[in-house]
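Database features, via Swiss-Prot:
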- 60, 62, 75, 78: Zn(2+) 1 binding site (BINDING)
- 449, 451, 453: Mg(2+) binding site (BINDING)
- 818, 892, 899, 902: Zn(2+) 2 binding site (BINDING)
């Protein structure tokens, strides 16, 4: 038996008239829909039961046969087959057209496919199809040319002169005749000959024609099928008609469009039967053509057909297009059952892997499970009574629910789901009330807060789904962020504040210098008020019992505070005792200075020492990362829960809060402002005397006020008390920063106006003093712009993510090693002298391509193909090695994906990447998710021309779309020396002297030079400041240079904003942009010149001819923007569901494309499991095998084996 859900590929093509008739179950002859009295479908109408099947299950139209027992009987009275009503979703009908009609997609699309096949202009085609001109179909022995257009007048004149020796016609029939006459093989050979000599426009046109003709020749589609003789009618359930309350009917627009076609078709038939004058018939044929056009794609040509209220009707094409179309609304975004949503509230007492589910919601979600359990426990006799029990919410239901829920994880999702941490699994616990309880530590990953956010719950049903949820998606498993491999579950806000307060030290606190035998005694003293949390005390080191203490240290006393003793209890046993916030203390051991001999004068020693800084958010993050590195997941999540509990407990005990008295206004503020004002007055004087320009005046005023604000900020921070609650909040990283504080107590500073230009009147007051009316008005500008920007940015960033996902969705780890011999040479990324990304950051988690040796000793630091761990990376960086050759996605040879070695470590787990990991989507999410944090504005540095560098989100879009950048830099095309810089008129020219030739470059007005005479320069390097156009760079250099440039630019933008992203994510995206080549010369292969091919397809075609000793093709690499690259993908399903649906489908149909279903989207669309992760073939072919007792050394009944 054929399995409908298991197929290997999907093919699309043109349908021949016979094919359309074979799909059909009958001809629709009347435009009627349903009878207004009986509300039953009219016979032969658009909803006819005889054609499309019965409206009610197992019941014919006239009611003679009812019930299942007549299954398959065709009623002898009404002719309706007795079957299920759902066949009305799949049975098609057809309309026999009285005159052929052109299909608007193939005639009107760009480029016009019909025009290319016939070598006629779209304008000429339009005149013929819509009956404005005649076209000569057979020239006979007249001086007329075939395909020549004739007006009505000319046609009559020629008819009179030549009689019937030539033939000319109008309408789609004429075009059909021309299409049937075409000899594809002859045309193709002719064009190939022409290509050898043609240049310019003729060559381009020939290439386009050749592509379309080859497509027809290879796909088995007939060109004449672009003209319709028969029109398919889609099943009635897909264009339903429903009765509204009030007796009126609502119907799909398609029914109106079909009715117009049928009406005009019937009228045309009648006119032809009557033998009406040709002008009337022609008019009717034109109207039929327009009706069919409107049905297929309303609005593509002329004015769209409108319904009531002047609303354009939705045609078949509109059903597919856009966010609400079939692809994105129903195929890629399905609604699921077993789901619910509710408001979230915090659940501080939950474990890391738990969430609280409201009782009513849980009962509804797990209803079938509860029903089954009720029957099994004998609490209900059958399923029906079990259901009744649940609906009446009888008390025994709750106990059963508890037991059902116990081992059954649920998925929680918060929209917008920007990265894979937006859906995680939890074990539910039942809670009262109607709100979902969420663990506070997972808020960062979800970007959730409790101000009314809602979340959705989903229940994984099958045992495989539950296992995946538990093993891969449980919140306790997702500790690292896939974008940079840093922990994403760092404590925030109250938790940070509590731990900060707990680890504070205070000089002269109560009980300073007391000595305790162990932590418990210190705790007892604290509880009884003898010491404070912040008191510096000594404890016997042996009682702390830390593995990292030496034998000698164990006999000494450890200097610490009561708070730190409490804090260290949450850490794993073999972890160093953390006494100061330094990396050496975290990674190695407690510094020796904290140990003193027994019998020493503790008080004196303590009094002579500085206070040690408390642990801020950053340190807590480092502790978590270090614990994760050493102890993996379970221990980390346990420690996180303890850290959370401590934080909440001690932030409550601390009672830290903000009062007006905590904000002290700086005394020296007035002096600073007076000074600044004097400077500004001076600048204005200079401007009035004409010594400086308006631009300079503006720049100087802005910089004077900015400096004044910085001075005030600096002094404020110095004058602050370390115990000031606001300072503690900002210093610990819980909330707020220096700038907030400056605005509260110093001055608000400069504000931007809505266009982004800075207003030169500063706000001199702080919030504590209160703003004047004018100052308040100015500050509303800035605030409003901030909100508007954020809203725009979110949409922009979401669209960027969508494009990124689309271009990389089929990049999956496919194999262990691709065996490439190429690598990528990397060093630190620098901008000037500032290191943007260090060599260490770039090395960790990658495989070395070549052996790395110590530059001085020559000792081998990393062997070839060895994984570079954190420790090795430190060693390499400290050894003074500048560049390392590593395996990279750029140079990976794997088709449709990457291999394990080239990708390196999976950042989300800290282990090797698994085969099947969908690294393309992870890369897209990692780049897209921080998009919202990037600034929106294009910086205008003082408004000097040529200095407009785009930054932030617009720059990222510019890079990934491979657009010409703003403020483009001029680059050198040759290696050489800057021979001279000449002034020509009001511009400059740079002369580069190479070994063979000299090149002169005109520098655009206002651009700033980056070079000086005598300087050496290599090809592809900038002569002026600004961004390089990557397409230009590709012409001058090679792929590697472009890859490195794009990677560097992306990292620059993100790192400047303080966002870290792993290189490998950018590499995956850039690789997708550079995977195509454009054929320049076809050689003796069968590829066409000028076409875009995948690099692998190109090498295959060449390998084939080289084996036969023929001439291979040549090609140039092409850089495509991500949108273009998505549309150029081999999968038409993926491209059609992305953008430009009609164009993609038109093209695919003519070429008779096969979609091999390699990517994720294609498989989601057709409803198969995605071929990534556990859905990969190699993991699907796993069987359960029962073994005999003899072979069993394990207790399990089954073992998994791979076929």
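Even glycines carry a Cβ here, placed using N, Cα and C.
Taking the C-alpha positions, the distance from residue 60 (Zn(2+) 1 binding site) to residue 902 (Zn(2+) 2 binding site) comes to 64 Å.
The Mg(2+) site, placed at the center of the C-beta atoms of 449, 451, 453, has further neighbours from the same chain whose C-beta lies within 8 angstroms: 344, 448, 450, 452. Packing around residue 75 (Zn(2+) 1 binding site) is summarised by its Cβ count: 20 other Cβ atoms lie within 10 angstroms of its Cβ, all protein chains included.
Here the binding-site residues are 60, 818, 899, 902, and the one ringed by the most other CB atoms within 10 angstroms is 902. Long-range C-beta contacts of residue 451 (Mg(2+) binding site), restricted to its own chain and to partners at least six residues apart, with a cutoff below 8 Å, are absent. Rounded to the nearest whole angstrom, the C-alpha distance between residue 892 (Zn(2+) 2 binding site) and residue 449 (Mg(2+) binding site) is 42. Recorded residues residue 449 (Mg(2+) binding site) and residue 818 (Zn(2+) 2 binding site) have their alpha carbons 45 Å apart, per Cα-Cα distance. Counting in whole angstrom, residue 453 (Mg(2+) binding site) lies 40 from residue 899 (Zn(2+) 2 binding site) by their C-alpha atoms. Using Cα positions, the member of the binding-site residues 818, 899, 902 nearest to residue 75 (Zn(2+) 1 binding site) is identified as 899. In sequence order, 43, 49, 50, 60, 61, 62, 64 are the residues of the chain that are 6 or more apart from residue 78 (Zn(2+) 1 binding site) and have a CB within less than 8 Å of its CB. A count of other CB atoms within 10 A of each Cβ picks out 453 as the most crowded of the binding-site residues 449, 453. Here the binding-site residues are 62, 892; the one with the fewest Cβ atoms within 10 Å of its Cβ is 62.
Excluding the listed site residues 818, 892, 899, 902, the same chain places 815, 817, 820, 887, 889, 891, 893, 894, 898, 900, 901, 903 with Cβ atoms within 8 Å of the centre of the Zn(2+) 2 site Cβ atoms.
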